[in-house]
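Everything on this sheet refers to the single structure shown next.
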């Protein structure tokens, strides 16, 4: 609720209160959203390498709350906000702008420790060695996102209306109080949680060491028998509470890091090499999620600006806030999750024998395809809007296009349905397929993909504006959306998405899933990367 209460309507605050132009406001929203989803890389690393998920979340949540309090002050305290009369605001001072953005990026820092750790901490509550709990865990991420989007629904329906009609202070104050209450509820349950003990070495050092060592040994012949590669005794792993990962035939060039040489430096163990292989495989999938994340970035930016130009009246008095249409993403997602979990999965499970109904990558592929259709629909609706503009000779940016805002409903709803496959599937995929000691970092593949998708959209919007307005030409994304060509930009997104879909299908065909059980592979074995949970209470 707190995050979407800000993100859903931030572009309108920047344009109406801080007087930013369309390109600047879209870019700043994307940059902030990108920061919110990129900072989890640091939070996940700290959790996996040093203090664990619980304490990382605890420290970060306090920073998050501080940011929310500062943001509420930025729109409430007279000296910190621009003065407005009859809905028209004066230009904000440098101090006011600085304080506002400091508040926003304080929230982004706090999100760095909360976003990657709270969902994985929830998944940690299920014991992978319990058949019953393992079944429940299959549904966990579906219902995790379901509950998260309930907060988003309240934000896009309730908070957006409050912000535009009752005041931004109240609109930001409510989620601040809500965040405090939710944290209190969370900490009340501390003694009941399962807490995984941090047993990892320096993960970044290990990941960097493997390719460097492999490069050094590039001219050394790799033995045909992987048993000749360097590995510690299994007793070492058991006694230290670490997990041994056995050799697999993928990315064989990295095996050279485990070759026994006469050098004084010890080679990397097979386990370290296999962890690096797993991360490399995830990276290929991650790269083809960036464009889909760019498509999703339109929801809180250009879709909102598009909605402000349309007829938003219901009856004679009530006017729908343009950002509230984002609630249809949430509503369609909330309706689709139970259908997916209770009907689609059991039906497909009978057909395929897969506990999830379909594979994780099949789920992602379906989600990506639905997203492409959504953006194609957005482009078609924009063509319709431009036709109405020409028909009624509309030229001013303030003129309302006589076209109902609910024309935008299909593109929002399709993105919500796509999220059931795409967003939830990505979160589950990166958690499930990450090495056991890196599951918080693994989740940051999901968050960083969204973050870079926002940065990529910011870059594309800026470059498209510069290129199309060059030499006095008409920008596709100008300040006056009634004299722009958003349909061209959406069409451009459709084209690059189709190309990206082809790359995804190629990457998915090459991907090798982490094994769920022990089985022979090319004379060796692949072992499930899981261990029993430490169910002892948290000690302070």
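From the backbone N, Cα and C atoms, a Cβ is placed for every residue, glycine too.
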**Fill in**
When TrEMBL is consulted, the range among 360-381, 382-403, 514-535 described as transmembrane segment turns out to be 360-381
**Complete:** Maximum Cβ pairs under 8 Å to the transmembrane segment (140-162) among 279-298, 318-340, 360-381, 412-431 is reached by 318-340
**Cβ contacts the transmembrane segment (488-508)/the transmembrane segment (412-431), at least three under 8 Å, sequence gap 6 or more** = no
**Fill in**
Across 54-77, 279-298, 318-340, 360-381, 412-431, the most C-beta pairs under 8 Å with the transmembrane segment (443-464) come from 279-298
**Fill in**
Sequence-distant contacts of the transmembrane segment (360-381), meaning Cβ under 8 Å and at least 6 residues beyond its ends, amount to 285, 289, 292, 295-296, 298, 303, 407-408, 410-411, 414-415, 417-423, 425-426, 428-429, 432-433, 487, 490-491, 493-494, 497-498, 500-501, 504-505, 508, 511, 513
**Asked** Which range out of 54-77, 168-189, 412-431 gives the transmembrane segment (279-298) the most CB pairs under 8 Å?
**Response** 412-431
**Request:** Six or more residues out from either end of the transmembrane segment (412-431), which same-chain residues have a Cβ under 8 Å from its Cβ atoms?
**Result:** 119-120, 123, 141-142, 144-145, 282, 285-286, 289, 292, 295-296, 299, 303, 325-326, 328-333, 336-337, 340, 360-361, 363-364, 366-368, 370-371, 373-374, 377, 439, 442-446, 449
